[in-house]
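Trainee: Structure provided below as structure tokens; questions to follow.
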Amino acid sequence: MDGEEDSEWMMMDVGGKGGKGGGGGGAADRKKRFSEEQIKSLESMFATQTKLEPRQKLQLARELGLQPRQVAIWFQNKRARWKSKQLEREYSALRDDYDALLCSYESLKKEKLALIKQLEKLAEMLQEPRGKYGDNAGDDARSGGVAGMKKEEFVGAGGAATLYSSAEGGGTTTTTTAKLMPHFGSDDVDAGLFLRPSSQHHPPPPHAGAGFTSSEPAADHQSFNFHSSWPSSTEQTCSSTPWWEFESE
């Protein structure tokens with residue numbers, strides 16, 4: 001294709017400079033297109049060397065049957081066309097790179113906007129719990145502290161376990177469990193409620209002068225026995241004589 005284009009626009013003057021009135025030939029005689037063989041030889045030489053020295057031009061012109069001036073003009077025009085095509089190729093490559101960069105820029109711009117929106121949503125989510133639950137946090141802490149002070153167990157100065165209970169009306173009562181229930185163990189005291197008698201502690205033996213009189217029936221005395229292991233009436237005395245007779249004496 002390049003050879004055909006070159007043959008169309010490269011028409012060299014093969015005749016000499018004649019006078020105005022000289023009838024050597026017309027314009028068609030003075031101009032001649034390059035043949036295909038000449039164009040191929042010139043292009044092969046141009047592929048190896050874009051600019052020829054005067055000696056190389058003369059030798060190539062002799063081989064092709066052309067004038068050195070024709071060879072020089074052909075190489076000059078060919079270099080101009082070659083540079084123009086090279087610039088077009090470079091421009092096309094740069095244009096493609098620019099389009100790719102522009103597309104990448106637009107994609108990154110959209111991604112940036114999406115990330116900004118996502119960041120704003122996360123910031124709103126972080127601020128929402130503070131405004132919604134921040135005021136109630138203090139109330140929960142205060143109510144928890146009051147509930148914790150409802151019922152607490154302390155140890156008195158004398159070593160006896162005491163139960164401290166705070167009433168809602170503001171009054172406080174402190175009672176010593178050892179004074180109230182001497183027959184119950186410490187494991188039976190659960191939040192101020194005495195549910196069952198202790199199986200590990202037995203009541204002390206009756207003191208002299210503090211027993212029941214003989215006028216009281218025995219059935220009434222036996223009704224105060226709390227434990228099944230409480231000794232019977234026969235086991236409380238060393239003989240068969242009831243123990244209240246000794247006390248009455």
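Our numbering is plain: 1 for the first residue shown, then up by one each step along the chain.
Placed from the backbone N, Cα and C atoms, the Cβ positions cover glycine too.
Residues or ranges marked as DNA-binding region in Swiss-Prot (evidence: sequence analysis): 27-86. According to Swiss-Prot, the compositional bias 'Gly residues' annotation covers 15-27. Taken from Swiss-Prot, the feature compositional bias 'Polar residues' covers 212-242. Among the features that Swiss-Prot reports, region 'Disordered' is placed at 1-32, 194-249. If you look up Swiss-Prot, you'll see 85-129 marked as region 'Leucine-zipper'.
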Trainee: In the region 'Leucine-zipper' (85-129), how many residues does DSSP put in helix, strand and coil?
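Mentor: Residue counts for the region 'Leucine-zipper' (85-129) by secondary structure: 45 helix, 0 strand, 0 coil.
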Trainee: Taking the region 'Leucine-zipper' (85-129) alone, what is its mean pLDDT?
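Mentor: It averages 93.
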